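Below is one structure, written out as structure tokens; the observations come after it.
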């Protein structure tokens, strides 16, 4: 059965609704984030906004406070959904390294053997706005990362314009969801300010109605105090994050670039187009479509074979196996036959003359082993341990024949 892309996805992402929604591996933190948003709003609507419905003129104008809180919370949740449930800008992986970047190199070992190898340069230079920028090769995704792209170790994907991985939304923040992330953070900041302000107004109204002190009003509505404390603490996080990203947007930087290349001023000015244009780029540019079709069916690609350049030594060895090596085996067989014939002739002459003289003892078992080793050599084994002994036996045989002729 043919599978879809999301079913064999090599990243750490989680998919729901048949690959229509994509989340990070830590998407389990999303329920916590939802509770931190929804629970305070519910408490605000029940214990604060409900009592403010008739406190403003005209008589029912206070309903707007309740409606605004509900609608604004829904807006924040939609932004959270757009941030965490979409492709942040994942660069599709390659099935094999780019062939146009492969480099064939030959390494020479200690014994002189040449071994071909394939290597890929770790970095290369590309031009961005007239400035040379170095990009790195990703071994996991088998590609050169585009400028401002980085590999997220949590999601195990290369993400375009990688900013950071946010555990609160359970997703990487990159090219396709950075706008929604910033709007989510800034809207959460405004929601905290709104709840804090309305709770403080309600405390003020209680003080005026009862003509009492702040402490008495706080005892009358303790949930207003709890909401004010909660919003004050939350403002330090979401408010500080909003201010930090406003600075990053104004200078066209990412969190990753700011923290990693803080000492490199030249890198920060490569993408800086001026404060107004930087804001227009983030908020007014069209969001690029995803480069991944997670619901597409997989098309199996035939295996690719990379042909390595042959070495001179390998070709020489191939020739030795077919030509000179076979010739060497035939020469070894001829030497063995000569030794046997010479041994038989010497024995016959000694029997006829019956004269004591120096004899040459030739080990027939050794000559037989020579024949056997020579035959085995034709099967691809190199034999050379007995060549010196064979040559010595031939020289001794010749010296014996010369001495016999001299005596004759």
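Each residue's number is its place along the chain shown, starting with 1.
Including glycine, each Cβ sits where the backbone N, Cα and C put it.
TrEMBL lists 30-49 (among others) with the feature transmembrane segment. Beyond its flanks by at least six residues, the transmembrane segment (30-49) meets 23, 62, 65-66, 69-70, 73, 76-77, 80, 84, 168-170, 188, 191, 195, 198-199, 202, 221, 223-224, 226-227, 230-231, 234 of its own chain at Cβ-Cβ distances under 8 Å.
For the transmembrane segment (61-83), same-chain residues at least 6 beyond its ends with a Cβ under 8 Å from one of its own Cβ atoms are 30, 33-34, 37-38, 41, 44-45, 49-50, 52-55, 166, 169, 171, 173, 177, 180-181, 183-184, 187-188, 190-191, 194-195, 198. What TrEMBL lists as transmembrane segment is 61-83 (among others).
With helix defined as DSSP H, G or I and strand as E or B, the domain 'Palmitoyltransferase DHHC' (136-260) counts 76 helix, 17 strand, 32 coil. According to TrEMBL, the feature domain 'Palmitoyltransferase DHHC' maps to 136-260.
Annotation source TrEMBL lists transmembrane segment at 180-203 (among others).
Taken from TrEMBL, the feature transmembrane segment covers 223-249 (among others).
Taken from TrEMBL, the feature region 'Disordered' applies to 305-329 (among others).
Per TrEMBL, the feature region 'Disordered' maps to 349-408 (among others).
For 358-376 (among others), the entry in TrEMBL reads compositional bias 'Basic and acidic residues'.
Feature annotation from TrEMBL assigns compositional bias 'Basic and acidic residues' to 393-408 (among others).
Taking the domain 'Palmitoyltransferase DHHC' (136-260) as a whole, pLDDT averages 93 in the prediction.
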